[in-house]
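Have a look at the structure below, then the notes.
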């Protein structure tokens with residue numbers, strides 16, 4: 001009997017670790033690659049990722065490794081959970097090894113220099129690979145603690161979607177499929193910006209009306225932008241859009257929410273990110289999204305307002321006053337009503 005090939009998870013962060021555990025619990029051998037040999041040794045010895053998922057036991061079938069070449073050679077299904085700033089530099093030298101492999105991005109970010117999503121970078125590096133993304137309301141710790149969770153795997157490759165569903169679907173983790181890879185991935189990247197705003201609002205003691213307004217206007221804003229890029233607006237009414245937006249803007253477990261909360265408490269951006277100790281993709285996404293929205297002429301007042309606070313020296317009160325005095329627009333303007341006649 002031929003032994004099953006291991007599944008690779010690239011990245012030693014919280015979500016990569018949670019996904020590695022899920023795969024192992026479903027009976028798969030998993031190789032989790034990380035750069036830091038000390039982190040790999042700590043997981044190997046203590047069966048715990050103390051920096052990113054303290055208190056969560058790592059399944060015995062998860063093997064922490066630091067040899068990327070061997071990991072890629074041995075696996076045909078790879079989940080990529082690398083920070084957006086590192087993905088290209090880590091994988092580009094090994095482009096030939098990625099030919100024909102199934103590469104599924106778990107990273108919700110945008111590359112600063114190119115405004116490319118992670119799956120687009122994977123396609124640049126390995127045009128012969130089969131590409132997908134996994135996104136949705138998936139807080140890493142809750143996934144690791146087996147809270148009931150649903151996610152979306154998106155790809156034009158139906159067989160890839162089925163393979164990922166079979167690998168991850170379990171008693172507490174439900175995997176839906178979508179063909180709108182771009183929309184699913186864009187939703188996951190954009191919502192990080194609005195989670196920072198939501199965290200600030202909570203820290204400042206703003207009411208439930210305000211939080212509801214922020215979330216719904218954020219949905220309108222991010223969908224408006226996505227539609228301008230060719231995404232399907234209906235994608236944003238599902239798990240990868242409104243689902244991910246709600247959980248990220250409502251939970252103190254969200255990294256971007258934590259950054260916003262710290263900012264609302266009076267910390268500087270540098271202090272807030274240092275306190276977090278992990279990558280908060282929303283900060284980087286905000287910078288490139290503000291520029292791109294201006295280039296395209298897409299109306300994104302919440303993005304402009306947060307950028308003004310973090311990078312242009314404006315106070316929160318100044319931005320709030322400007323936003324509330326702005327001319328009201330149509331409530332839902334990103335779906336044509338002709339489609340519902």
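Every residue, even glycine, has its Cβ placed from backbone N, Cα and C.
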Checklist entry - Same sn-glycerol 3-phosphate site as 136, 191, 244, 254, 255, 256 according to Swiss-Prot: which of 108, 116, 287? => result 108
Checklist entry - If you count the C-beta atoms lying within 10 Å of each candidate's C-beta, which of the binding-site residues 14, 256 ends up with the smallest number? => result 14
Checklist entry - When neighbour density is defined as the number of other C-beta atoms within 10 angstroms of a residue's C-beta, which of the binding-site residues 244, 281 has the lowest density? => result 281
Checklist entry - Do you know offhand how many angstrom separate residue 191 (active site, proton acceptor) and residue 244 (sn-glycerol 3-phosphate binding site) by C-alpha? => result 7
Next on the checklist: Can you name every residue in this chain, apart from 108, 136, 191, 244, 254, 255, 256, with its Cβ inside 8 Å of the center of the Cβ atoms of the recorded sn-glycerol 3-phosphate site?
Outcome noted: 137, 188, 192, 195, 245, 247, 248, 282
Checklist entry - Rounded to a whole number, how many Å is the Cα of residue 15 (NADPH binding site) away from the Cα of residue 254 (sn-glycerol 3-phosphate binding site)? => result 12
Next on the checklist: DSSP secondary structure for residue 254 (sn-glycerol 3-phosphate binding site), reduced to helix/strand/coil, please.
Outcome noted: coil
Next on the checklist: Within its own chain, what residues at least 6 apart in sequence put their Cβ under 8 Å from the Cβ of residue 254 (sn-glycerol 3-phosphate binding site), listed in sequence order?
Outcome noted: 139, 195, 199, 247, 248
